[in-house]
Structures are given as C-alpha cells and as structure tokens.
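Sequence annotations record features per position, and here TrEMBL assigns repeat 'Solcar' to 7-92, 99-192, 200-294. Per TrEMBL, the feature transmembrane segment maps to 12-30, 67-85, 105-125, 200-221.
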Amino acid sequence: MTSVLSYESLVHAVAGAVGSVTAMTVFFPLDTARLRLQVDEKRKSKTTHMVLLEIIKEEGLLAPYRGWFPVISSLCCSNFVYFYTFNSLKAVWVKGQRSTTGKDLVVGFVAGVVNVLLTTPLWVVNTRLKLQGAKFRNEDIVPTNYKGIIDAFHQIIRDEGILALWNGTFPSLLLVFNPAIQFMFYEGLKRQLLKKRMQLSSLDVFIIGAIAKAIATTATYPMQTVQSILRFGRHRLNPENRTLGSLRNVLYLLHQRVKRFGIMGLYKGLEAKLLQTVLTAALMFLVYEKLTAATFTVMGLRRAAHKH
C-alpha cells in the first residue's frame, strides 16, 4: 500500500500538474480559438490568428483568456486523478516486475476512463464558462449567465438535471483511445530511431512525442468537435437525447457537420488545436523534466546531509 502513496509518485503528479498549468496558460488563447471554431459554426474566418484578432477586437484584450481559472482548476484535478490512478494501478498490478507496453496501455486506458467519469462535470462547466459572453455568429445558441464554477453547477442541475453534467461522456470515453494511439506511434517511432543510434536526446524524444501526438489528435479530432458541442449543450437542436451523447447522437452531429461544411467541417479548429497541443507538450515536458530533476536533486542533497 505504501507504494501507492509514495512520495515519489506525488512529486511526479505535482510536477505533471505544474507543467501542464504553465503550458496551458501560455497557449490558452489557441484553445479559445479552437473552441470557437468548433462550436460557432457560422464563423467565416478560418485561420487561428484571424479568429483571435476578431475575439480581441469584439470582446476586449483579455477575452482569449476568458474561463482561464475554471480550466486550470479542472486541468489540475484531471491530471492529478490521471497520474494518481495510473501510478497506483501500476504499483498494484506490476508489483516490482518490469512493466510491458501492453500493461502500460491497459493501465493508461483504465486511468483515462476513471478520469473521464470523475471529471466530465468539471469540463462541461468549463466549456460553458469559457464561452460565456462570447459574441457568437450563430443565432441558435442560448446564452448563459453563470457567476462562477459553483453557480454554474447549481444552474445546470436546476435547469437541465444532474445528468446534463455528464453531457458528451460518450465521445469523451472514445477519446480515451487518443493517448493509446499516441503511445503506440511513440513507441514505434522510438524503436525505429533506436535502431540507428544508441540513445535518444531530449530533442529526439520531443520530436517523436510531437509527431505521435499530432497523429493521435488528427485521428480523434472529429470526436473532440462533437464533445465540445455536446458539453456546451446550448444549441437549440434535438435536446431530448443529449444527456449521455449516445452513439446515435454522435453520428447525427457528425452527419450534420459533414452535410453543411463537407468533410473538412469535422476539422474546424484543428490548426489551432495542433499548434496548441504540440507547443503545450513541448513546454510541459520541459517544465516537468526540470521540476522533477530539481526536486530529486534537493531531496538527494537533503538525504546526503542527513547521513553525515
């Protein structure tokens, strides 16, 4: 049991959280642009910087950072739950043996599912707070007026029922495959590179990571679009079967999207997402590496001092 609560996995979890918060904050406007492109289908401008310029012009300089606090708090919770579940399951299941790729995948998948089920309500609230006060091109969108995270929870439960907090759970569960796809390509590319050289530099690792992430993101992006629309849930379209975002609903939304915008309609906002994902991954990786290294160095020094 001690291994589950070990100091080391805590350091990893905290470093992971700090890394992702830093990265998310720096590239937050890209996320804002992506969400607008996904949800507000009447937007004419296609490119990321045009959308951001429009948002700033119409809604003020800080508008790209709207909803930053709820997103950051959800990200921390989500990361912590994921890291914690992952490390705990691994500690219990692997028990000192060497972990295999297969085991890592299964553990990662289970941790992902646990994470989705526990943190979806946070992300639903987030998506809405982030889009609150936005000037939409689409007239079908019903505006919201939440005072903050708690008030948003309260209003959603009061007006739409408790299940509305789990809007878009189904596509989210499908998106758990995203890290699995990423992991598969990452390991494959790593094996290819290791045939050519003895060891990998941090730049190699970063580039492989970025390519793997980009492939996984592109493959699962249409699901993310559906997930954003369902979470937002303020479109006045067939409200009766929105709750769990059943398969029929997901297919319906995908079909509508393709019918209106062609196959590329599924990929609106992908450019912003890829930019954000790759840059965020790079920065997060850097902060995480440096933080864990620094923490363990300090701990090592302290241990050494205790011995003398």
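Note: Cβ is positioned from N, Cα and C throughout, glycine not excepted.
In the predicted model, the repeat 'Solcar' (99-192) has a mean pLDDT of 82. Tertiary neighbourhood of the transmembrane segment (105-125): same-chain residues 70, 73-74, 77-78, 81-82, 85-86, 89-90, 93, 146, 149, 152-153, 156, 164-169, 172-173, 175-177, 179-180, 183-184, 231, 233, selected by CB-CB distance under 8 Å and a gap of 6+ residues from either end. When the repeat 'Solcar' (99-192) is classified with DSSP, helix, strand and coil residues number 71 helix, 1 strand, 22 coil.
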